[in-house]
Amino acid sequence: MDLPETGPTDPKWHPYRDPSPSASPSSPPARWSDDAVRVVATPPEPDTIVGVADAIDGREMRESATRDSPIANAAAAAAVVTPTSPSPSSPSSPDEAAAEIAYAAVSEEAVESLRDDGFAVLDDVLPADVIAAGLDAANALERSRRTVNVGQEGRDDSIAVLAGDALPAEGTMLAGLSPCARTLLAVPAALRRRRAEMTGGSTDGPPSTGDEDGRRGTGRRGRAAAADRGAGDPRGRSSGSAPRETMRRLATATAPDKLMLANYPGDGARYVAHLDNDPGDPRHSEGEPGLRASDRAVTAILYLNPDWEESHGGCLRVHLEGPGGATVDVAPSAGRMVLFDCRRIVHEVLPSHASRWAMTAWIND
């Protein structure tokens, strides 16, 4: 994978390229700015989620570290601070702070990209110190041997599952994971709110005004694709009912009960191409409601990997919709979040040659 060696002078631009054979060698590499969109991890089986969750329930972890631990101190420093006398405009709890962060990240442009292209990439969602504390906690979790390889063919990651209603408490070994998890859990409400603003509809219902699918403008990636490939080229652009169905699902987006933390150990570990909500999977509807693959509407992934380099591999490869077979590779850089429609976007994790961490929430509809 040959990423561009240099980017535009604007330091906020993050390079990626379309590595498909059909891409024109004379065309400049496609690029996406940091504030536009983000990328994916991968799903455990529904029954596995329930089993692994018992090993990492936050209530079990609260006595596992003291405030004298460097990891605990880092997590405490990165935790969202609750003001003693909050003003009307300031958050009064970590959950409210996470809601504000998620709403700021899930911009109208991001929703347009999710609607039009099936995925969006969002950069710098959380400050570097918060991501660093999350990484410290994830590494501590791995050292304690609480991650599990589920033995599923085609995937090499080890996972643990966080219970959304019992996140690790401040001052414990795993506390650094909680701000990351809260932000992911706040994304569904942010999606509903942005959709309502864009369509004129209520937060929890279908649009009451505007076009049938709530279309308004064109996503950033769509504009770049039209410029690079020509407006008449269908590669990578969805058509028909797909954008409308994505917008419909956002109207009822709800937070999951559990989140997955996944590590690819850096020995070429990968995950083969798949859909997160694939009706062709024989286990598609197995498990508890809310934990089944069939309940998934949007995948939200947050990456914890600082100083990621091309040689590390491990990019998320997104298979674009359309007949051309085009793909886009997204580096799993720290602070980057990726959103994509679980029913539309086939994706894979390319071989990783460095330890790679991602936290994933499957948003239900």
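Glycine is treated like the rest: Cβ placed from N, Cα and C.
Automatic prediction, not curation, is the source of TrEMBL annotations.
Given the structure is predicted, the values throughout are model-derived calculations rather than measurements.
Feature annotations, reproduced from TrEMBL:
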type: REGION; residues: 1-95; note: region 'Disordered'
type: COMPBIAS; residues: 56-66; note: compositional bias 'Basic and acidic residues'
type: COMPBIAS; residues: 68-84; note: compositional bias 'Low complexity'
type: REGION; residues: 196-247; note: region 'Disordered'
type: COMPBIAS; residues: 199-209; note: compositional bias 'Low complexity'
type: DOMAIN; residues: 255-365; note: domain 'Fe2OG dioxygenase'
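Counted with DSSP, the domain 'Fe2OG dioxygenase' (255-365) comes out as 6 helix, 53 strand, 52 coil. Across the residues of the domain 'Fe2OG dioxygenase' (255-365), the predicted structure has a mean pLDDT of 94.
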